[in-house]
Ligand code: PMP
């Protein structure tokens with residue numbers, strides 16, 4: 001079949017058989033290489049969406065490919081009734097890089113947050129949570145209660161009890177919202193889906209102190225920011241704060257589904273209190289170990305920090321006059337425009353650059369952590385060159 005026929009048949013099957021929940025772009029990718037995705041026609045794109053941040057190591061990373069291959073030949077999955085080698089090694093590694101005490105493995109970000117909420121509930125014997133406006137913590141029936149956007153929540157209420165939502169970046173607002181029913185506050189260290197909001201440096205320390213003073217738990221959701229995205233293993237490390245529970249997913253296993261949450265000393269589930277079939281399976285765990293090794297050996301934390309600074313400087317130097325703010329940490333960057341900017345996403349892809357738009361007027365840039373200056377120069381050139389369409 002030629003490329004056109006493959007493209008058409010895929011779109012046809014998708015439209016006929018898949019629940020139409022995603023607003024798909026007219027693109028069909030068949031390969032990834034470094035920071036590039038390649039479509040069915042052979043056209044290359046610099047990926048600044050990066051599978052929504054699952055990609056720390058770049059596409060087709062050989063260490064990752066080999067680790068998956070070798071593990072698949074030996075043992076793809078085994079029940080959590082038994083031990084497995086990659087899970088034990090990964091657990092040790094995660095505890096080292098997070099500074100937490102114990103970890104539970106699951107399969108996605110939402111599931112990690114669900115587990116964290118359950119752990120907070122069973123530990124504190126309290127039912128309610130505080131979250132922040134614009135927060136995104138997932139769409140399972142539990143995590144949805146802490147996701148701010150009512151569009152996602154309303155159709156399912158009263159099944160989900162929504163959290164109390166307070167302003168992001170304001171520790172005093174959290175303190176005010178705490179009453180005797182609150183188990184925990186859940187926070188992203190940089191709000192990703194909500195528009196790339198970076199709080200002031202003291203925020204997390206202040207929240208930590210309030211949680212300790214009031215006896216509630218602090219959950220930090222590093223699903224989007226973890227594994228080097230902000231230039232450190234975890235974004236909390238910029239703020240010098242340890243949460244009670246840290247949740248992670250996305251980049252952890254380089255695209256093989258995995259989630260995890262880690263808790264501090266003295267905070268853990270007991271036998272039978274939580275579980276999941278695939279959590280910490282050998283294949284996903286071997287992939288995660290390879291991702292962590294690659295980040296270490298290719299010094300991707302440093303690269304994310306350096307390239308993040310370079311990216312922000314280049315963006316600040318653009319000629320266009322409609323930018324209101326450029327914010328970010330490492331390689332999670334938001335460019336806010338004074339108008340709706342979805343057209344930028346559509347025009348950029350024609351020019352071989354993938355970006356996405358959140359909250360209507362914020363362009364989000366989350367490339368693989370091995371992005372180069374040349375890639376960044378091209379991405380900024382493309383963004384700067386796209387004219388706002390005349391209405
Ligand atoms: N938390 C955060 C901060 C996220 O960005 C996301 C996904 N965008 C999630 C949780 C949910 O993760 P998943 O889609 O794997 O359930």
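Yeah, the Cβs are placed from backbone N, Cα and C, and that goes for glycine too.
Feature annotations, reproduced from TrEMBL:
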- 109, 110, 136, 221, 222, 223, 224, 277: pyridoxal 5'-phosphate binding site (BINDING)
- 139, 276: N(2)-acetyl-L-ornithine binding site (BINDING)
- 250: N6-(pyridoxal phosphate)lysine (MOD_RES)
Please check each of the binding-site residues 109, 136, 222, 223 and report the ones with a CB atom less than 6 Å from an atom of ligand 1, ordered along the sequence. 109, 136, 223
Determine, from DSSP, whether residue 110 (pyridoxal 5'-phosphate binding site) sits in helix, strand or coil. helix
Given the recorded positions 139, 250, 276, find the one whose Cα is closest in space to the Cα of residue 109 (pyridoxal 5'-phosphate binding site). 250
For the pyridoxal 5'-phosphate site made of 109, 110, 136, 221, 222, 223, 224, 277, how many Å separate the two farthest Cα atoms? 25
Those recorded positions from 139, 250, 276 that fall inside 10 A of residue 222 (pyridoxal 5'-phosphate binding site) by CA distance are 250
Near residue 250 (N6-(pyridoxal phosphate)lysine), which binding-site residues out of 136, 223, 224, 277 have their CA within 10 Å? 223, 224
Inter-residue C-alpha distance, residue 276 (N(2)-acetyl-L-ornithine binding site) and residue 110 (pyridoxal 5'-phosphate binding site) (nearest angstrom): 13
In Å, rounded, how far does the Cα of residue 139 (N(2)-acetyl-L-ornithine binding site) sit from the Cα of residue 224 (pyridoxal 5'-phosphate binding site)? 15
When you measure from the Cβ of residue 224 (pyridoxal 5'-phosphate binding site), how many other Cβ atoms are you left with inside 10 Å? 27
Structural state of residue 221 (pyridoxal 5'-phosphate binding site), classified by DSSP into three states: strand
If you draw a 10 Å sphere around the Cβ of residue 276 (N(2)-acetyl-L-ornithine binding site), how many other Cβ atoms fall inside it, taking every protein chain shown into account? 15
